[in-house]
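Below you'll find the structure I mean.
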Amino acid sequence: MLLKDKKAVIFGVANNKSIAYGIAEQFKEHGASLAFNYVGESLKKRVAPISEELGGEFIFDCDVTDDEQIRAAAETVREKWGQVDILVHSVAFAHRDDLQGRFIDTSREGFRLAMDVSAYSLPAICHAFEPLMNPGSSVMTMTYYGSVKTVTNYNVMGVAKAALEASMRYLAVDLGPKGVRVNAISAGPIKTLASSGISGFKTILSTIEEKAPLQRNVTQTDVGKSAVYLASDLSTGTTGEVLFVDSGYNIVGV
């Protein structure tokens, strides 16, 4: 088992359709110990059964827009485990109104919120958890093709994902001397709670099936398997990279 004895903290499981769920499922299959965050009591009711299903060792309350809660989360993990081997950041949010129409109409508040939740949360989490990381620890975040190409209605989230990818690279430089790897997975479109807020999402799915080299959309399992690679010792020489898991759609030109 590739992740035997490794401890994985996973931010962003919302339900069993989440990309983070697919990652956690594969981590469990490969022997990792799991812990999950939730945000408030209403989401705790969703996350607790998932943690139980996947054999999670504990869950903790953490709103990634609150630095004090992030610090408290790191302290909880320290008390429970003493260290963290794998950190998964699968967190993003934007107002539904900002995921349709024109990007130019994005409000200042909407822009700030998308950047705070979707991009700044990664360095904030890494800062708090750095003392728990050790040589060989792996951090990964989830991004999307809309960070480098315009995708209809993706709008402010594309800008936030671009910032997230840049943050990932700078974090790779900061944490590299400690032997910690930081990478991103750029997953193709998957039907999740988050993607349901993007106007015209079904059209995006159809386009992938038509134009991607593999002529299909990717699944949670596809992403989870790639996450296992990044989390395991198979990727000891890989950091600061964006790994596309999108049936090859990103290579297609005209």
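The backbone N, Cα and C atoms fix where each Cβ goes, and this holds for glycine too.
Dumping what TrEMBL says about this protein:
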type	residues	note
ACT_SITE	Tyr144	active site, proton acceptor
ACT_SITE	Tyr154	active site, proton acceptor
BINDING	Gly12, Ser18, Ile19, Asp63, Val64, Val91, Lys161, Ile190, Lys191, Thr192, Leu193, Ala194	NAD(+) binding site
BINDING	Ala94	substrate binding site
Write down the Cα-Cα distance for Ala94 (substrate binding site) and Lys191 (NAD(+) binding site), rounded and given in Å.
17
Hey, which of the binding-site residues Lys161, Lys191 is the loneliest by Cβ count within 10 Å?
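Relative to the other binding-site residues in Lys161, Lys191, Lys191 has the fewest Cβ atoms within 10 Å.
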Going by DSSP, is Gly12 (NAD(+) binding site) sitting in a helix, a strand, or coil?
coil
If you count Cβ atoms within 10 Å of the Cβ of Ala94 (substrate binding site), leaving out that atom itself, what do you get?
25
Taking 10 A as the limit, how many CB atoms besides its own sit near the CB of Ile19 (NAD(+) binding site)?
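The Cβ of Ile19 (NAD(+) binding site) has 27 Cβ neighbours within 10 Å.
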Work out how many Å separate Ala94 (substrate binding site) and Tyr154 (active site, proton acceptor) at their Cα atoms, rounded off.
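Here the two Cα atoms are 10 Å apart.
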So if I draw a 10 Å sphere around the Cβ of Tyr154 (active site, proton acceptor), how many other Cβ atoms end up inside it?
26
According to DSSP, does Lys161 (NAD(+) binding site) sit in a helix, a strand, or coil?
helix
Out of Gly12, Val64, Tyr154, Lys161, the recorded positions in the record, which is closest to Tyr144 (active site, proton acceptor) when you go by Cα distance?
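Considering only the listed recorded positions, the nearest one is Lys161.
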